[in-house]
Amino acid sequence: MSRPNASAQKSFITQALKAERDVSSATSQRQALEAAIDAAEHYMKALNLASVQKDKHALDAKCKEWLTRAEKIKESKDWQAAARFHDKTVPEPRLPVSTRKLTTREEIILLEGAKLNGFIFPPWSTSPGSDEFKREDGESPFTDKPDLHLSYPQRKVFDGWKRPSELLAKDTEDVYTKVVPVMSVPGKTDLVQDMLTDCSVVASLCATTSMLERGQCTHFLPMIYPSRGSSQPSPSGKYIFRFYFNGCFRKVIIDDRLPSSKTSRSLHVIDRKNPNFLWPALVEKAYLKLRGGYDFPGSNSGTDLWVLTGWIPEQVFLHNDDVTGDQLWKRLYRSFHQGDVLLTIGTGELTEREQRELGLVSEHDYAILDMKESKGRRQLLVKNPWAGADTAPGDNGSLSASQDLPHNPPSFEPGTFWMDCEKLLQHFENLYLNWNPEIFKYREDVHFTWDLNNGRGVAGCFVNNPQFAVSTENGGIVWLLLGKHFRTTGQPERPLDEYQANEESAFISIYVFNADGKRVSLSDGALHRGPYVDSPNTLMRLEMPPRTTYTVVVSEQSLPSLNQNFTLSAFSTCPVRMAKAQDKYMCVRKIQGSWTPSTAGGNAESSRYPLNPQFRLEIENDTDVSLLLECPNTELATHVKLFWSNGNRVSRVRSRDIIADSGDYRRGGSLVEKKALEPGSYTIVCSTFAPDQLGRFTLWVSSLVPCKTSPLPPEAAGRRTVISDIGVLPPGRDRMLASLQVPRLTRIKLITRSRQSIIGSHPVGPSPVLMTVELGQGPYKQILATSEDGTHSDAVSGVRVEDFDLQPGLEESGGIWIVIERIGGPGGQVEDHFEVEALAEERVEIGEWILEDA
């Protein structure tokens, strides 16, 4: 079937289903007959376009069924019975279903998700039969316990839980007029909230009823039993809803008792046009049951519709630079009129002045009931679900300006108004889209637990984050939906602000990497990065090339430190697979360390860099290696280097010795990866940007084959430290020496450090120096040890004479001398100040500095 024919066939079927609902809600025999004939005619038109034999048989049967029913309505004395729908006449939605076999742990996660706010919501299995709602003679109506919680202001006007007939009798002034509750009504509805703070829920209900009224929905949303397709209430007062939350569709059972009020204010959603319309209040009660009670402050309508319908939620931040009216309109207009997307919208925080001038409510959700375009002008019909709303925003002029547009209603309900698309983008903050999952053919779900008490990573570091491989052979559109499972909100008397703080202070996001399904360590280099949202869901839309595997990372900010369950769902036009991301490296070692006052040496330009924590890495076979430095203090910028140093401590930084490093200093985590590292002993140095920055860190050493990693002791470990006086080389003098005495045979290391270099009063860089250890002086002196292989050096970390042995009693041979010789500065004008640190097994003595000519 061609695409235009398929679209037309769907339109005829949708109109036929709307006519079916009109039959059940008809108030006269003539209305019912006309609607039945209308249903038959639309099924006939759809049949003429059908090309699949199975569809032809089904549509032919529906056409004959409604011709027969029209005849019965016309001839029967009890036309209401003939007009009444049966549950089987309303088709179940054909949703994509995940076929992946769940693990035992995933099944446990779904069972854990059934317990919520003191109730049990089991996963949906099969549709309930009519026997479940029967009520025998003399049997009391079904009563669900315990009663839902009310807030303190609500309890002040609360007048008890009452059945719909009691509520309607109370609100009916004429005692001779009996108003009966119904589950469907003909024509338009006008749903509003009053005392409840659930604007997001009521806006969601307005969006779904509007879609039904436009005939753009092929099934009742949300799904309710026993009244799908019937206007008659449940005989027993029991209702079962099919809601999607905590990883699957679940069964939500309620009774029909609603909270009544002592005043004219209502404690539940009402239809101002049809006060006896029971369906909205029951949907609201069922939803509030799983969200903790009637004191629910509201979330956002995208989340609410996700639960009510199972339609895929997407949040669009209207003030983002990349969101334009043209792009948004083109994306939504056709889908909206095909019934494939529900639209709601929310304001941000507005001042009282802005609320007065704009006629909008701060941090409030609205429903979008219609979209239209005429003469280049794009408008949306917006409804405020609050009962006290004005007709329209005060100064946008949209009402008077839209009268010349086609199909404009002759009148508006209070709180309903047309608004230009560009003004809507300007005055509202968030647009919530809920997409019909039937637009996708394939789905795959993964359920998992994130232990945030022990497995929380630092910002920008993903080593502890849940990661998954998402692959597709054919490529195409793939949508990834991350859902955080609802948890019990707390004690019944919890403060409202505490409830909201728990809901709004935590954020989740999705990152996507082109990493072939292998785990990644840092957030850098993401192919796609989703925004951090305070909703329990976030959507990532992808276009995947054929034969591609992406790595998907779940990220969070400020979630409570406990076990949190999630579901990650992939929706696709082609088969898609999800699995846990594989570790790139087979062997992983985790080492704890810290920067202390004695080991916080700063970056490689600091003279104290060699004091930083260092580790020996020993490798016996060629291997790829990854070094990840993770620091929980996100104020510290960190860095990691890998040196060729034969496994010894690094005392000076030379570019020829650096094998790899992590690049710029980075907050949170630093990563260096080296492929095909040859066997040998190497040294790892972990540093912060500045000296004296203290903190803990974790070093993750990963490799393809086993390797050995061990901390290197500090340079002064097991040694006595002696520091000389400051020696000064004034201009024109380039050599000085000091005596060195040892009490017994000892091993010693010497380090010369510059303390100041000036020309006049202006600081300059130190002069390159050479340090030697000499036996005696004069023509017969003997050089025992030298620094830097006999070359002059101005290394910021100091000039070193590595370990050598000295014995006492050499005074008769001229004594032992530490000699510092420099290459003079420009014109011989530099004054250099140096000190020498001796690290020896025994305490040594360094004499006063003596100046000599070079």
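Even glycines carry a Cβ here, placed using N, Cα and C.
Pulled from Swiss-Prot:
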- 2-83: domain 'MIT' (DOMAIN)
- 118-437: domain 'Calpain catalytic' (DOMAIN)
- Cys199: active site (ACT_SITE)
- His364: active site (ACT_SITE)
- Asn384: active site (ACT_SITE)
* **Chain-internal residues, separated by at least six, CB under 8 A from His364 (active site)** => Cys199, Gly346, Thr347, Asn384, Trp386
* Structure fact -> Once DSSP output is merged into helix, strand and coil, Cys199 (active site) belongs to helix
* Return one of helix, strand or coil for Asn384 (active site), based on DSSP. => coil
* In three-state DSSP terms, the structure that His364 (active site) belongs to -> coil
* Asked: When the number of other CB atoms within 10 A of each residue's CB is tallied over all shown chains, which of the active-site residues Cys199, Asn384 has the maximum?
  -> Asn384
* Asked: What average pLDDT does the predicted model assign to the domain 'MIT' (2-83)?
  -> 78
